[in-house]
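Heads up, the thing below is written out as C-alpha cells.
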Amino acid sequence: MHPSSRANGPAPHKPYNPFYLQLYFWVIIAIILGALLGHCYPAVGQQLKPLGDAFIKLVKMIISPVIFLTIVTGIASVAHVGTVARVFGKAMVYFLFFSTLALLLGLVVAHVVHPGAGMNINPVDLHQGEIANYVEKSHDLTLVGFLMDIIPKTLLSPFVGDNILQVLFVAVLFGIALALAGERGKPVLNLLDALTVPVFKLVQMLMKMAPIGAFGAIAFTIGKYGVDSLVNLGGLVGSFYLTSLLFVLVILGAVSWLCGFSILKLIRYLKAELLLVLGTSSSESALPSLMEKMVQAGCGKSVVGLVVPTGYSFNLDGTNIYMTLAALFIAQATNTELTPAHQLALFLVAMLSSKGAAGVSGAGFITLAATLAVVPEVPIAGMALILGVDRFMSECRSLTNFIGNAVATLVVSRWENALNYEQLKIALDGSEAAYQSLHANDAEPSVSR
C-alpha cells in the first residue's frame, strides 16, 4: 500500500511548530481562563455564552459541505455501489456491538459502585418543573419518526437545516448517481474534488477561533452551574467519568491493539480536537477536523465519509454509558427496586431511544427522559436530581463519543482493507521527519485491493 500524490487534497496541518503556537495549547489556556472567570465572576461568565454558541454555529455552518463533498467524491471515486453498501453494513455491525457493550458497562458499574445508594429521595418531593421541557421533547422520539426524518423534503433542504443524516442521505445517493454516470460524470466529480480545497481551508480558519469559543463556553458552564454542584452528586459524576475512561482505555484500547494501533497515540494525535470538544461540550464542533485527520491518518476517503457522520448518530458510546448508569442511579437514590426483567426492558429501550435522539440539542438528557418514560418503574421525576450536574457529564459524553467514532473509522477502514498502515504509523508517531515525508506531495491514502 502506497500513498499516491494528490495536489488538490486538503492542506495538512503543520503540528511541528513550538508548543505555544499550536492550537491545543491555546485551547487549554482558554479553558483554564474561562473556568477561573466563571468561578470568580459567575455573572460575567454567564454573559459569555454567546462566544461558545457563535463558534459552534460557525462550525455547524461548514459541516454540511464537508460531509457532502467528502462522501460524494469518496463514493464516486470507488464507483462500486456494492462497496458503499458493504462499508455501511460493517459500520452498523460495529456500532451495534460497541453500543451494546457501553450500555452493559453502565449497568455493571451501577451495580458495583451503587452511586445513588443511601440518598433515600422521595420522588414526590422533587421539583419537576425544570425537566418538563426535556420530557416533552422525549415524547417526539420514535423509531419510525426518526427514520422518516432522514428523508429530506427537498434535495437542498438538508443544507439549510442541522440534520446530519439528511446530508448523509443526499450525499450517498448523489455519489452513487455520479459513479453510475461514468465518464459523463467526471467533470462534476472534478469540480467537487476541487471544491474540497477552499472548504477544508475554511475549516482550518474556523479552528483558529476555537480558543475563543472554548473560553466562552466553559466560563458560562462554571458561572451558571458552579463547581459546588458537583459535590453533592460527586459519586455519580465520578462513576461516570471513571466508567467512560475504562471504556476508552480497556475496551476501545483492546480493539485498537487488535487492529494494530495504540489508543493513547490516537488520543495524542487528536488532542486539539479533544480539547475543543471538552471546551465546547459538543463533539460536532470537531467533526470537520476529525474527518480531515482520519483521511490524513490513512483511512479511505469513502470510509471516512460514511462512518464518521453515521457514527455521530449511531455510535454514541458515552451517551449509552450515561443512559444505563444514570437510570440505575435514579432508581437507587429513590429506593426503587428493579427486577432483571425491568433492567432488560431498560436496556432494550435505551438501545433504541439513543438512536432516535441523534442530532437533538441536549440529546443525552432527552434520551434518558424517553427511556424512563417507557420504563415507568424508574420515576422520571428523579431526573431532577441530576439536572444540575448533567452539564458537567455532557463533556465526558462528548469526549467518549468522539474517541469512539475515531476508533470506529480506523477499525472499519481496516476491516474494509482501506487503511494505509504506513500512513497511520507516520500520523500517530508524529515525528517531524516522517510527517514531512508523508506530506511531501500532499499524500492521500490509496489502497489497492
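Just so you know, glycine gets a Cβ as well, placed from its N, Cα and C.
What you see is a predicted model, and the numbers here were worked out from it, not measured in a lab.
Residues or ranges marked as transmembrane segment in Swiss-Prot: 20-42 (among others).
Annotated transmembrane segment per Swiss-Prot: 62-84 (among others), in sequence order. For the transmembrane segment (62-84), the residues of the chain that approach it from at least six positions outside its boundaries are 158-159, 164, 167-168, 170-172, 174-176, 178-180, 185, 189, 192-193, 195-196, 199-200, 202-203, 206, 284, 287-288, 291, 295, 300-306, 309, judged by C-beta separation under 8 angstroms.
Look at Swiss-Prot and you will find 91-113 (among others) tagged as transmembrane segment.
What Swiss-Prot records for 164-181 (among others) is transmembrane segment, and it gives sequence analysis as the kind of evidence.
A Cβ distance under 8 Å defines the sequence-distant neighbours of the transmembrane segment (202-224), meaning residues of its chain 6+ beyond its ends; these are 10-11, 13, 23, 26-27, 29-31, 33-35, 37-39, 41-46, 48-56, 58-59, 62, 66, 272, 275-276, 278-281, 285, 288-289, 292, 391-392. Sequence annotations record features per position, and here Swiss-Prot assigns transmembrane segment to 202-224 (among others).
Annotation source Swiss-Prot lists transmembrane segment at 239-261 (among others), citing sequence analysis. If one looks beyond the transmembrane segment (239-261) by at least 6 residues along the same chain, the residues whose Cβ comes under 8 Å of a Cβ in the stretch are 98, 101-102, 105-106, 109-110, 113, 115, 317-318, 321-322, 325-326, 329, 393, 396-397, 399-400, 403-404, 407, 410-411, 414, 421, 424-425, 428.
Annotated transmembrane segment per Swiss-Prot: 344-366 (among others), in sequence order, evidence recorded as sequence analysis.
According to Swiss-Prot, the feature transmembrane segment maps to 370-389 (among others), an assignment based on sequence analysis.
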